[in-house]
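Enquirer: Sharing a structure below in structure tokens format, with a few things to ask.
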Amino acid sequence: MRQRRHVSAGGSGGQISQNLKDLPEEKLEESYPCLSERRVFLLCLAVRVLNSLLVQTYFNPDEHWQALEVAHRIAFGYGHITWEWKKGIRGYLHPMIFALLYKVLAVLGLDKPLIMMRAPRLLQSIFSAVGDLYLYKLSRLLFGNRVAKWALFSELTNWFMFFCITRTLSNSLETVLTIIGLYYWPCVRVSSRRDDSSMRIWGVVVAAFACVIRPTSAIIWMYVGLLELFLARDRMRFIFLEVLPVGVLVLGLATLLDRLVYSSWVLVPLNFLVFNFLSSGGDYYGTHKWHWYFTQGFTVMLFTFLPFSLAGIILSRNWRLSGLIAWVLVLYSVLGHKEFRFVLPVLPITLMFSGFSLAAISTNYSSDNKTAEASKHHTKCPSRMRWAIFFLLATNIPMALYMSLVHQRGSEDVMNFLSREAAKDRVKSILFLMPCHATPYYSTLHQDLPMDFLDCSPSEERGVPDESDRFMMDPVGFTKELANDWSPPSHIVLFESEERVLREFLLLHSFKEVKRFFHAHFKVDRDLQSSVVVYALTGQ
């Protein structure tokens with residue numbers, strides 16, 4: 001018979017945990033049936049595959065330019081390498097995963113436009129399903145079966161997880177590895193047993209790979225490692241037989257891979273640290289107020305799960321994991337450059353606490369109820385539970401679908417269109433007159449054609465506008481200067497806001513509109529970019 005697990009490592013607390021204690025173990029297992037891990041994984045896989053197919057919008061350039069574009073260059077010999085790779089602040093381990101996928105597709109003759117577009121996110125959906133399974137396992141380990149089910153419900157229905165987790169961002173894989181790794185660390189568990197130490201090595205391995213893929217993941221594992229060091233009885237073994245050997249081995253393998261591709265010795269984590277932390281290089285792409293994650297970023301990601309997560313943190317009294325969430329949010333708040341995706345790894349943990357509060361709501365019996373009566377009452381779904389479920393679904397599902405299917409979809413649609421046209425030999429060259437990295441690139445086009453976009457690489461001199469900035473400040477003047485010595489492209493792509501002022505220039509130079517794609521209903525960080533427009537050179 002399985003040992004019953006109660007509440008958090010931080011102490012007992014919450015009415016649900018007290019109610020669970022009052023039930024005999026036999027009744028507990030009967031009342032809270034445990035789903036098999038195989039069934040949970042298949043459910044998560046089905047949801048995430050559908051999830052990946054429904055994600056058809058553009059979110060962050062790194063999904064394409066720092067992963068798929070690099071992978072496409074490795075696999076097929078052409079693709080754009082951004083300045084980060086030239087300065088050695090990116091590692092090749094993450095893109096190599098998708099490069100292998102592309103190679104398999106090419107060998108099988110499946111590197112067609114539609115498949116090339118869908119396959120990477122489908123692969124990420126498998127990784128995401130594994131992460132969902134481990135969130136279920138971690139929740140069950142800490143709080144029991146009932147909380148685990150509601151934690152999984154929260155994970156699968158949260159709008160931002162749906163919107164982001166199947167994208168090919170390194171943050172998505174980092175999130176999966178974070179959940180897997182936490183499951184194996186004894187300091188996170190309710191109580192550390194001897195056999196937990198033998199599992200810890202797997203947690204160290206996963207943590208090491210997470211840090212190689214995303215060096216900022218060290219923020220998470222620094223907290224976990226220090227907590228383990230404080231609680232563990234075998235500290236010398238932990239440091240000298242686990243952390244150091246595994247860290248050196250994984251970093252060494254990653255460095256060898258980078259040496260192979262860069263053709264020189266590059267220590268990516270060090271370069272990443274110097275650029276992003278010591279020189280504040282990330283600030284070039286914009287800064288936010290210190291409180292942004294608390295007042296906007298993370299609260300928007302949680303959305304209507306926010307009150308449930310806060311209640312779950314208080315009820316569960318699991319100060320170790322809630323401390324990890326606070327630690328990550330505070331440290332990232334110190335950095336000037338902030339993005340939603342940076343704190344994605346702690347979103348599932350926060351949603352686990354939402355599952356705790358939902359389980360508390362669904363437990364419809366008091367601590368005085370015993371055995372059969374308690375089992376009878378708790379199987380009923382109280383009205384407040386139905387309202388909670390309805391509220392969460394009614395707010396998160398529309399948000400998830402709108403952001404995944406509607407908002408900023410023009411960037412993806414235009415490249416899918418050009419990919420199909422290029423496959424029919426109707427495209428010779430493309431010029432993107434829009435802010436840099438506003439669309440996917442060769443990884444979606446999958447044709448070795450001349451393409452140009454407006455560069456936005458950081459300048460050595462502060463305050464010097466890049467090509468993208470200069471174009472946005474004066475679209476007509478910049479384009480006229482560009483046309484003085486250009487060989488006219490067969491196609492020009494631009495946003496509707498710039499197309500309005502450039503229409504006369506384009507018509508004068510024998511271009512005509514051939515396609516217009518809806519992009520967005522409202523502006524994000526620039527003027528409203530309501531549509532993406534394609535112009536083609538006439539008389540080709």
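Residue numbering: from 1, along the chain as shown.
Any Cβ shown, glycine's included, is placed from N, Cα and C.
Just so you know, TrEMBL annotations never went through curation; they're auto-generated.
Sharing the feature lines straight out of TrEMBL:
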TRANSMEM  92-110  transmembrane segment
TRANSMEM  159-185  transmembrane segment
TRANSMEM  201-224  transmembrane segment
TRANSMEM  236-253  transmembrane segment
TRANSMEM  260-278  transmembrane segment
TRANSMEM  290-311  transmembrane segment
TRANSMEM  318-336  transmembrane segment
TRANSMEM  342-366  transmembrane segment
TRANSMEM  387-405  transmembrane segment
Enquirer: Could you pull out which residues elsewhere in the chain have a CB under 8 Å from any CB of the transmembrane segment (236-253), counting only those six or more residues past its ends?
Expert: 197, 200-201, 204-205, 208-209, 212, 225, 228-229, 269
Enquirer: Quick check: do the transmembrane segment (290-311) and the transmembrane segment (260-278) share at least 3 Cβ pairs under 8 Å, counting only pairs 6+ apart in sequence?
Expert: no
Enquirer: Do any residues of this chain, six or more beyond the ends of the transmembrane segment (159-185), have a C-beta under 8 angstroms from a C-beta of it, and if so which?
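Expert: Sequence-distant neighbours of the transmembrane segment (159-185): 48, 51-52, 55, 59-60, 62-64, 66-68, 94, 97-98, 120-121, 124-125, 127-128, 130-131, 134-135, 137-138, 141, 199-203, 206-207, 209-210, 213-214, 217, 220-221, 224, 228, 300-303, 321, 340-342, 344-349, 351, 395-397, 399-400, 403-404.
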Enquirer: Using Cβ atoms and a strict cutoff of less than 8 Å, what residues sit near the transmembrane segment (387-405) while being 6 or more residues removed from its termini?
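Expert: Those are 54-57, 154, 157-159, 162-163, 303-305, 308, 358, 361, in sequence order.
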Enquirer: What stretch in 92-110, 260-278, 318-336 has the biggest tally of Cβ pairs under 8 Å against the transmembrane segment (201-224)?
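Expert: Going through each listed stretch, the top one turns out to be 318-336.
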Enquirer: Six or more residues beyond either end and a Cβ under 8 Å away: which residues meet both conditions relative to the transmembrane segment (260-278)?
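Expert: Same-chain contacts beyond the ends: 74, 87-92, 211-212, 215-216, 251, 254, 335, 337.
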